[in-house]
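Trainee: Pasting a structure below so you can have a look.
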């Protein structure tokens, strides 16, 4: 049985986050998703479509960015960034999902917002994003997260988790899928274990054989 577990960051409340001193930076990101009744190849349930994006640095993340609390509320700052990368969406405090403290030398609190759209609305966001100011610059394109696992137990979500993610994005994705009941925790653990094993094997192939 796999010993892999869903990684977790230190969660704090929104009120606690707002009380943090000026030495802390605030990042705000949005997870947009929609129920998807479709089937891949006519047999693999899609279940949900979740949007992430490929960034300028080659890392995957959610739409959003840093918010200067001296000039903007969390939501106003987030909407300003979303306007540059998506072009046609405004989130509110009602969409707030969580705040987590990041690990490492930089003092950053990461806020995540989540909004469920219809599949048609989600597709409209994808179309609008192509015409946004940051498309092809800071944002290289939106991607849908494959929330299924194929028969080989690697294709789909495990392969997706093998990609490189920016900062807290991977942990935020797993957290949101869990708390929004979009994927059972045991399925998250299985996908993580498969992704870790794949990465381990890939690394072993790159390393020279020991003499």
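Cβ coordinates come from backbone N, Cα and C, glycine included.
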Trainee: Looking at 10, 187, 198, which residue has the ubiquitin cross-link feature per Swiss-Prot?
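Mentor: Going through 10, 187, 198 one by one, Swiss-Prot flags 10 as ubiquitin cross-link.
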Trainee: For the feature ubiquitin cross-link in Swiss-Prot, which residue out of 151, 201, 205 does the record point to?
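Mentor: Annotation hit in Swiss-Prot: 151.
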Trainee: Between residue 151 (ubiquitin cross-link) and residue 10 (ubiquitin cross-link), find the distance joining the two CA atoms and give it rounded to the nearest Å.
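Mentor: Distance (Cα to Cα, whole Å): 34 Å.
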Trainee: With every protein chain in view, what's the tally of Cβ atoms within 10 Å of the Cβ of residue 151 (ubiquitin cross-link), excluding that atom itself?
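Mentor: Result for residue 151 (ubiquitin cross-link): 8 neighbouring Cβ atoms inside 10 Å.
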Trainee: Please work out the mean pLDDT for the residues of the region 'Interaction with PXN' (118-205).
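Mentor: Average per-residue pLDDT within the region 'Interaction with PXN' (118-205): 95.
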Trainee: So if I measure Cβ to Cβ from residue 10 (ubiquitin cross-link) and keep only same-chain residues at least 6 apart in sequence, which ones fall under 8 Å?
Mentor: 100, 101
